[in-house]
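Enquirer: Swiss-Prot lists these features:
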ACT_SITE  GLU174  active site
ACT_SITE  HIS252  active site
ACT_SITE  CYS372  active site, nucleophile
BINDING   19-28, ASN110, 137-138, ARG216, ASP254, ASN366  substrate binding site
Amino acid sequence: MNAYELNMDGLVGQTHHYAGLSSGNIASTNNALSISNPQAAARQGLEKMRQLYNMGLKQGLLPPHQRPNLNLLYQLGFKGSPSEQINKAYKTAPELLSACYSASSMWTANAATVSASVDTEDNKVHFTAANLISNLHRHQEADFSKKLLEFIFSNSDYFNHHPLLPKSMGTSDEGAANHNRLCQSHAHSGINLFVYGKKVLGNHQFEQSPIKYPARQTKEASEAIARNHLLNPERVIFACQNPLAIDQGVFHNDVISVANEHVFLVHEEAFYNQAYVLDQLKEKADFPLVIIQISKEQISVSEAVDTYLFNSQLITLPDQKNMILIAPAECQANLKVKTCIDGLVADSQNPINSVYYLDLKQSMRNGGGPACLRLRVPLNDYELKAMHQGILIDNDLLDILDKWVLKYYRTELKISDLADPQLLYECLDALDELTQILKLGSIYPFQS
């Protein structure tokens, strides 16, 4: 039976803007209050989907969440009509209004953690939507992400959905951005590598903590997901992220490492006690594991964060053994990083034999590269057929979506534009049409 890695990219929403809401995300902070271009952001994302689809990969999308989040505004004390809520929030707490308008659901690597059926005891694909409690603007995504995934993967013969982990600091969960799966191929059972930044309960005196920026993922959350997903404990590793890397802007592990099948591309300063982590991987691997460790002399952690090299997608084309690195254009523009990539491609000791650079500037300026924009869902033929087909990409659907973006998206969005009630109605009109395009039914709160 065939097995695939379905890339589910987040479709960028109309309220994409730069507000600097994410502590520890250096790009987000550095570009705060600058002017965004939501139309360009969405079209760059669609072009990424088109490129991967035309390479022969299975490609889907997750739609934007409803914004502004009027219910969150209400919870925060802003009452009245939608226009009154927006006006009051803008005048007294514009940063809260910005959070309620956030389009951060575009980074679907944080939407959930997904386990392949070949790895689970009940042979079903398991999903746990991330609670994302570390940031206000992201925590609001959790319930709707769960609802979306339950709709798209609704057949209980193949798919198992778990409740969100408790919304507490002890079980803070950031989704697949802190999870890697290593295997001989997508069809084979794999090693699940969960990465955490802190342990909250019990004795954790032997592990360090970041000082400058907060660690988001807890070990307790990762362990709970592994248990709920019925993963074989002998095939699971829990690794602590290097706190020094977190303090340099590595807020998720997918900013400092990337895995695909039997290849693990990782910076030498990614993990606390890295030699032990890599030894565990080698010990558990019953396949020819290829670890490509990039030294700090080749690329510093700071340079990795600036260019998002490790937030590239590493992909295997159908019926091929070689791999392609899908990297942000910022890597090509940095001579040191490009030289490193050229060396990887030229090295016959690893399967990476080409690189493709993507322009994702709008997302990158908010701290999201190619890997941030996609949730990996491992599926076999039966599972792929059993899911909702309306969100699966082909060129015809991409053409329709491109016209939809041109119709509804602004080419410029400033923080002051969030005070315009008309933006709310533009968003609702667009989402109403989108649900028809993707055959999602009345899935948004305003449609019920």
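Glycine too: its Cβ is placed from the backbone N, Cα and C atoms.
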Enquirer: Among the recorded positions ALA19, ASN110, ARG138, GLU174, which ones place their C-alpha within 10 angstroms of the C-alpha of the residue listed as 'active site, nucleophile'?
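Expert: Within 10 Å Cα-Cα: ASN110.
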Enquirer: Is ARG138 (substrate binding site) helix, strand or coil when read with DSSP?
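Expert: The three-state answer is helix.
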Enquirer: Let's check the environment of ARG138 (substrate binding site): how many other CB atoms sit within 10 Å of its CB?
Expert: 23
Enquirer: Per DSSP, to which secondary structure element type does GLU174 (active site) belong, with helix, strand and coil as the options?
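Expert: For GLU174 (active site) - judged by DSSP and reduced to three states - the answer is coil.
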Enquirer: Go through ALA19, LEU21, CYS372, the listed recorded positions, and name the one with the sparsest Cβ surroundings, counting other Cβ atoms within 10 Å.
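Expert: With the recorded positions ALA19, LEU21, CYS372, fewest surrounding Cβ atoms within 10 Å: LEU21.
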Enquirer: Using Cα-Cα distances with a 10 Å cut-off, which of the recorded positions ALA19, LEU21, ARG138, GLU174 are near HIS252 (active site)?
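Expert: Candidates kept after distance check: GLU174.
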Enquirer: Only counting partners 6 or more residues apart, tell me which same-chain residues put their Cβ under 8 Å from the Cβ of ASN110 (substrate binding site).
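Expert: Set apart from ASN110 (substrate binding site) by at least 6 residues yet with Cβ under 8 Å, we have ALA130, LEU132, ARG138, GLU141, GLU174, GLY175, ALA176, ALA177, HIS252, CYS372.
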Enquirer: Give the sequence-ordered list of residues that share a chain with ASP254 (substrate binding site), lie 6 or more positions from it, and have CB atoms under 8 Å from its CB.
Expert: ALA109, ALA176, ALA177, ASN178, PHE310, ASN311, ALA371, CYS372
Enquirer: Work through the active-site residues one by one (GLU174, HIS252) and point out the residue whose CB has the fewest other CB atoms within 10 angstroms.
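Expert: Sparsest of the active-site residues GLU174, HIS252 by Cβ contacts within 10 Å: HIS252.
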